[in-house]
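Structure, as structure tokens:
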Amino acid sequence: MGKGVFLSKALAVTCAVVAVAAAATIIALAVVYAQEKSKNEVKPTSTAPPPIITTTPSTPKEPWDHYRLPESLSPVSYNVTLRPRLKPDANGLYIFTGESAVVFKCVKETDLIIIHSNKLNLTKFDGFLAKLTGLNGATAPNLKKTWLEIPTQFLVLQLSGALKVGDSYELFTDFVGELADDLGGFYRSVYVEDGVDKVIATTQMQPTDARKAFPCFDEPAMKAVFTLTLIHPAGTVALSNSLNHEPVNVTLDGEKSTMTSFHPTKIMSTYLLAFVVCEFTFITNELVAGPKPETLIRIWARRKAIEAGQGDYALEKTGPILKFFEDYYKSPYPLEKSDQIALPDFGAGAMENWGLITYRETALLFNPNVSSNGDKEWVATVIAHELAHMWFGNLVTTRWWNDLWLNEGFATYVSYLGADFAEPSWNMKDLIVLNEVIGVMGTDALASSHPLTSKEEDVQRPEQISELFDSITYSKGGSVLRMLSQFITEEVFSKGLQTYLEEFKYSNAGYTDLWRNLQMAVENSSVVLPASVEVIMNRWILQMGFPVVTINTETGQITQKHFLLDPESVVDRPSEFNYEWFVPVTWIKTGAAEQSLWLVEKEDTNHSMITGADEWLVANIDMKGFYRVNYDDANWERLLAKLNSKHQDIPVINRAQIIDDAFNLARAKIVNTTLALRTTTFLDKEEEYMPWETFRRNLNYYFLMFDRSEVYGPMQAYLKQQVKPLFNHFKNITGNWTKIPEKHTDQYNQVNAISMACSTGVDGCKELTSGWFAEWMNNPAVNKISPNLKYTVYCSAIAAGGEKEWEFAWAAFKNATIASEADKLMSALSCSKQPWLLNRYLEYCLDPKKIRKQDATSTIISIAGNSVGQPLAWDFVRSRWDYIFNEYGGGSFSFGGLISGVTKRFSSEFEYKQLLQFKEANAGNFGSGTAALEQALERTKANMKWVALNKKPVLDWFESQAPAV
């Protein structure tokens, strides 16, 4: 899932406003990535009880008390007919009816049939909930008893005799389900076109919601062939994973309908199924410019969006990205067509359904007149992420969800390769450092983090599965696979993938299977490793966290230690590797050629790392390794001197890395906070995006901790003096803001410059943004604000304004026909400094007619990102938790992000006690947010200690840099 995502994709939950100092378009992008990573917004319908969570550790007594299917039956094929009603029935409910015939083989003798079914009302046949038939001469035992086991989401059939090993049977069910607006399973989405409500029936099966559409063996290893028929209202179109036969007009219950049948799918997992009934239209390149002659590519969306050309960019890039992956995997695209559809209501960023990829509108549609370069990058990377899954995840699938990181981490990494191929001028291979590597290190440096892979027995219940869709899975997964591809070389990495895909196509595999194929590729190359791929990589996936590597340039000594943001936190998760890693260390010395070594023990000595009095050393070149670096004091001083004299001598990614490492080492009490702050003094001469963005993100932590204290004024003054030259630089190169910078990352940095300049009061900035906004208010039909600058301008003007500006932006949001524009306005509305407006906006979040369910949690997080809004959002979440949890889906990924988002400012004993009270008051009612709650408690404790230790030296340092304040 491009969740996500994390989102998650990593990560990684939608358009958070980054307090006071500037939330630029790229921030929205990075946070939305977590959306992609947050694929499963599952969730109970309004009539359903909350998920039942088993709290007792006792072993289940009966097979149906387990959450896993028995291994006695193996599905072969399904024949499913579904009829969604796009109008409510007499009870005001939207429903669908259906029937399913699943053919399965008995592989272990049993007198039980257990199959998933959730929230379906099953028709009885002679008092039983299904019919069983023997095939190919087999005799089916009589049914003895059938029932629905609600806690484990099973349909259970007890038989009067045993099924025979090797025989095949068919199980038939007839059912009714609710076409709810819960974003999970078979659900409904609504949009307005020409003043008329249009209803869509669509799906989101991953991870455990195919069982809400029809009874099925709903586990990733239970692959089968699916033949689907949809009966839908006349005038609508039906889509699914495979190509359709010619639709047939039928009349049912007096209604004119269309019956669309689809070709059988390839052998695939239930979570990759998709079907949509809608009034959309499409654009296609027919069979002309596809990756191979027989591949049909279509982009589906609302009719007006397609007519406005919003699908053109996706169509232009899908073919080349597919072709890139065909070459990368040395494997043809497995299907006949690739449909991609933009949905108005979609809980994740996108979902890699095989042959019918579903997207949020913001992840697929692009309008160059309205959308920013960040929106464009988002579309390219999400498309690349989902297309990467067509092989890695769909053709070869992980056996169980405990290895989810393998699917999502891999797609996260190679999405940057695919996007780089589609847009070679963007430097996407560098931007992965900002979007994934640096971002997830903050989470993975907590004692409450978790390893990439888990034991199968620890991932059983749907909410436990959903909890895995986090930034560790997506971003750390992508980061360590990127590191692996670097130290065995991209060429060898690609060759290992090719044999892996060939060996396991249309089947399932685990991470050890990938290690084995990569090892074969290494052995057939000239690459030399200190141990096997498995031995090296297991240390990165089977234990949480990562090391800080300390280099002493006076002695050549090099050591590693588990890096924790709070060095006093207790790591109670054992590791068979004692939190030591095989670390691929790279470095350059005073600009010379790159060198490398493997650190495989806790410490080692390398004399080539010893420097002279005028030499400097920087390690982890381009941050290809997933670790932080610390140096002896003398080398730190030489690096600082180099940054202030000729910063370009240090590679740009490493300039960003020096800042990020120093700030995080300071938070961990490994270096002084003033050392971290000194790594930013050169920025008044820096014009590149990556160092500035890293500084902005790290300084954001200081704003979170200090924007309610006396540190705020001197800190603002320092930021103002540092950003003023950058603001003037962009003013000059854009001809007084009349042109767009040519370079992709310069466009991002222009946003940073304006955002930080306005928030710190650089002369002319607020007048500039407020003037642009006022001009738009005076002529609402004409918005001349540059698409790249829209969010920053909207946020700045709404923060500086009052009710008039807020109401204008709200009206523009409600009338927006382009999803990316609506997203910018929705996020900017949280920038207001008026408490009553923010409180009203919080109430809007729980009204789906005002804020779509998919956007509710992200909007609350945006409000919490505002220093005025944070306490309001926290009070709101606490008082409405039961309602939010039950109505908006306690099993969904977004709940972890919600808890993290509303508590990130916490740094006092009072706030810590409030958090504990919140935990106690809602015990057992956090679903997929359970781990995030523990991380919030740990993070708050760490913040409390950090503030107590650093408030005075930070204040003194900022005052020394800006004595005029």
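Including glycine, each Cβ sits where the backbone N, Cα and C put it.
According to TrEMBL, the active site, proton acceptor annotation covers Glu386. TrEMBL lists His385, His389, Glu408 with the feature Zn(2+) binding site. Feature annotation from TrEMBL assigns domain 'Aminopeptidase N-like N-terminal' to 75-272. As annotated by TrEMBL, region 'Disordered' applies to 40-65.
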Note: among recorded positions Glu386, Glu408, least Cβ-dense neighbourhood at 10 Å is Glu386
One should report the C-alpha separation between Glu408 (Zn(2+) binding site) and Glu386 (active site, proton acceptor), rounded to whole angstrom, as 10
Neighbour count check, CB within 10 A, over binding-site residues His385, His389; minimum at His389
Averaging pLDDT over all residues of the domain 'Aminopeptidase N-like N-terminal' (75-272) gives 97
